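The annotation compositional bias 'Pro residues' is assigned in TrEMBL to 1-17, 61-71. Annotation source TrEMBL lists region 'Disordered' at 1-78, 392-435. Look at TrEMBL and you will find 30-49 tagged as compositional bias 'Low complexity'. The domain 'Amino acid transporter transmembrane' feature in TrEMBL is assigned to 84-527. According to TrEMBL, the transmembrane segment annotation covers 108-137, 158-191, 211-231, 243-261, 281-302, 314-337, 349-370, 452-472, 478-500.
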């Protein structure tokens, strides 16, 4: 090294080191300026060019460059390098996730608490669900590479979010999500088995011994469209079937309006009250919670959006939740005003057997057929993460140490640090520091690749859910368990605790207070209901 020169740092990029970490100086060497040796060489008064440093590598104490966050094997089933989702497809899939069997029970839920209190609970549940969706997508931006506009993205998921917040609880969170989605998918099969025999009786004059009115027959027949759709790798590929399912929702809304305005359909409504407080409040509260639960699919939509900037994701969230709110208000209010406190848990059973109602039942059956894959997708994703966890790490094949990023959190509290985005202006889509997800250790599998995992888990989900649906006939029991446990966890608890952990050491803001306020009642609902 020439005398007087000083060691220089190699140029760094925003992605290689955050502004809060300063690497030690590395050893460099400079090339001396050429000196004329010939007496006839022309002399120049121009300034001598600045010596260019020759980087010979980092000093022994220097930090290694951060390793890029790898794409987990479970998320390589699709094509994370080419997200093609749009706002429209994301909204359609999210709305289809929200609107299901919950809208059939909404008039009964409102009758249990009164009209005024019911309207408030529907609105509060919708706003809380939308807030929880925003919290999840905001926290997902702390995963390094999850919001890249180009190139491969690091897929965001509940397991990845748990890794940077509560690593030891990650497997339990995914297990709860898998159980919830599995329960909802099974409830869809139960409803299909109840609806289709009534459709046949409304269209054909058959006796009860005919196979066409067997509940088990129609559950098995529904597997013809359900099974192929359940093997879809990407949620975005189900957007066309989701559009068909939402047409069934439109038909149901029209049917409720038709009978409410039909003067020939005269019924004597039961008692209609504004507020009713009783112990049934805690029994029906999970129905409101269950009605807006779609959080299990928001991260898949976030991953697949071509432009997943927060403003674009907000459009998807607000559009899907607003559409669901309108549907619940129309069906819930008109159904309660028409039948009063005598309304049944399934609104469609209150109407006479006419062609309009028969086709309404058929439309609902189609809705649930196309909604089953929407639940199977997150169920399979969460089960894969659980399976990866319990399989145990595979010993390394060589003595080469595993490459780790210096940005990896060494303690759970590291994830609480928020920094300004180091990327140049115009390239950053948010203003928070991204945290790399730890490299998943290699696993020992009895089957070789990710495709085999995909096929095996999907087959298991379908076979087990169909087996339960053929035996269990009580939909109320399934909805009560799912609404009070899985739905509450996904919709209220996880978004709140994830956000709080990320900003644990930051000043309290209204968003942080809202996250805590939403998580605490979620725990109470799960314990009391």
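Here, residue 1 is simply the first one shown, and the rest follow in order.
Glycine is treated like the rest: Cβ placed from N, Cα and C.
Unlike curated records, TrEMBL annotations are generated automatically.
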Quick one: find which recorded stretch in 108-137, 158-191, 243-261, 349-370 has the most Cβ pairs under 8 Å with the transmembrane segment (314-337).
108-137
Take a look at 108-137, 158-191, 243-261, 349-370 and tell me which one has the most Cβ pairs under 8 Å to the transmembrane segment (452-472).
158-191
Most Cβ pairs under 8 Å with the transmembrane segment (108-137), selected from 158-191, 211-231, 243-261, 281-302, 349-370:
281-302
Other parts of the chain folded back onto the transmembrane segment (243-261), taken as Cβ under 8 Å at six or more residues beyond its ends:
92, 95-96, 99, 103, 327, 330-331, 334-335, 337-338, 347-348, 351, 356-357, 359-360, 363-364, 366-367, 370-371
